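Here's the structure we're looking at; comments come further down.
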Amino acid sequence: MSLSTHAGRYAPSPSGDLHVGNLRTALLAWLFARGSGRRFVLRVEDIDTQRSSAEAARRQCEDLEALGLRHDGAVLYQHDRFPAYEEALDTLRRRGLLYECYCSRRDIREAARAPHTPPGMYPGTCRDLGEEERAERRRRLRENGRVPALRLRAQAREWSVTDILYGHVSGPVDDVIVRRGGSGAVDWAYNLAVVVDDAYQGIDQVVRGDDLLMSAPAQAYLAHELGFPQPTYAHVPLVLNEEGRRLAKRDGAVTLRELGQQGMSPREVLHLLAESLGLPPKDSPDALLPHFDPARIPREPWIWRTPPAPGRTCP
Ligand code: GLU
């Protein structure tokens, strides 16, 4: 495959510095993309304005650069993409695939206790309301200064995707939220933004942490309804702390900068990441490429143990 519109991507949320788990996923996304002749693009997923910051995005880009994970073209920021999300909503609306949802989290929790609702799925409370009922619920929300969410009126119950590591994966398709409700400010939902942006950036290979595996069927279904091609996925194992929990900032020195303060250079961090993937300790992602074989990446989570700071003697 020649370098073309085919692309892979890394799509971090800029809520803080990337930790070694994020960096390992980014390295894998880069290796998968470059190893298959794809472009590698970067997208800053900053639709969550409360948790995102421009400063965090800048630092994330710098850290990826420091590891040698260069991307093609300009970085795409989701905060610039609101008109595209509006357009996607219009498409769904025209096709009768949208409905307003007036439920609070509590309403959903309570209704979801009904035995026929699979865990985590929307119980469908607002899907088939009549116009009068809708007007009443809308009015009640408005009195509290709130606007309804918008949900996809899914026409399928299940959808399948192809994953390079997991094979054929089928999963439930929910009436996912495509625009959040709340205090009135437009609040785009991750599921819509990710699908619209992957299509816009020509992404036909999605590599990300395997905590998102079960989001893939619903996202691929949404892509289908919007007339977008369905990407191939590779959901890669996460990095865990020594207690077996997903690595987090509180687990000590886990970011490139924190490790830097302990005397570890980006090159040494890259060696560690390479080693965790069964690859030789090369000094750049490019040098790792000839050794990368997707079929041989470890399927188990990688347990992160903070390396002893230089000069500290081991007991
Ligand atoms: N922005 C998401 C995250 O940082 C990743 C979403 C995706 O790769 O689809 O967890």
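Using the three backbone atoms N, Cα and C, a Cβ is placed for every residue, glycine included.
Among the features that TrEMBL reports, L-glutamate binding site is placed at Arg9, Tyr10, Ala11, Pro12, Ser13, Glu45, Tyr190, Arg208. Annotated Zn(2+) binding site per TrEMBL: Cys101, Cys103, Tyr122, Cys126, in sequence order. The ATP binding site feature in TrEMBL is assigned to Lys249. What TrEMBL lists as domain 'Glutamyl/glutaminyl-tRNA synthetase class Ib catalytic' is 9-274. Annotated motif ''HIGH' region' per TrEMBL: 12-22, in sequence order. Marked as motif ''KMSKS' region' by TrEMBL: 246-250.
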Which of Tyr10, Tyr190, the listed binding-site residues, has fewest other Cβ atoms within 10 Å: Tyr190
Cα-nearest neighbour of Lys249 (ATP binding site) within the listed binding-site residues, Arg9, Glu45, Cys103, Tyr122, Cys126: Glu45
Sequence-remote partners of the motif ''KMSKS' region' (246-250) [C-beta within less than 8 Å, at least six residues beyond its ends]: 16-17, 19-21, 211, 238-240, 304
Overall pLDDT for the motif ''HIGH' region' (12-22), taken as the rounded mean: 96
Distance from Cys103 (Zn(2+) binding site) back to Glu45 (L-glutamate binding site), taken between C-alpha atoms, in Å: 26
Number of helical, extended and coil residues in the motif ''HIGH' region' (12-22), per DSSP: 3 helix, 1 strand, 7 coil
Cβ neighbours of Cys101 (Zn(2+) binding site) where a neighbour is any other Cβ within 10 Å: 23
Minimum Cα separation from Arg9 (L-glutamate binding site), reported as the residue among binding-site residues Cys101, Cys103, Tyr122, Cys126 that achieves it: Tyr122
Three-state composition of the motif ''KMSKS' region' (246-250), taking helix and strand from DSSP: 2 helix, 1 strand, 2 coil
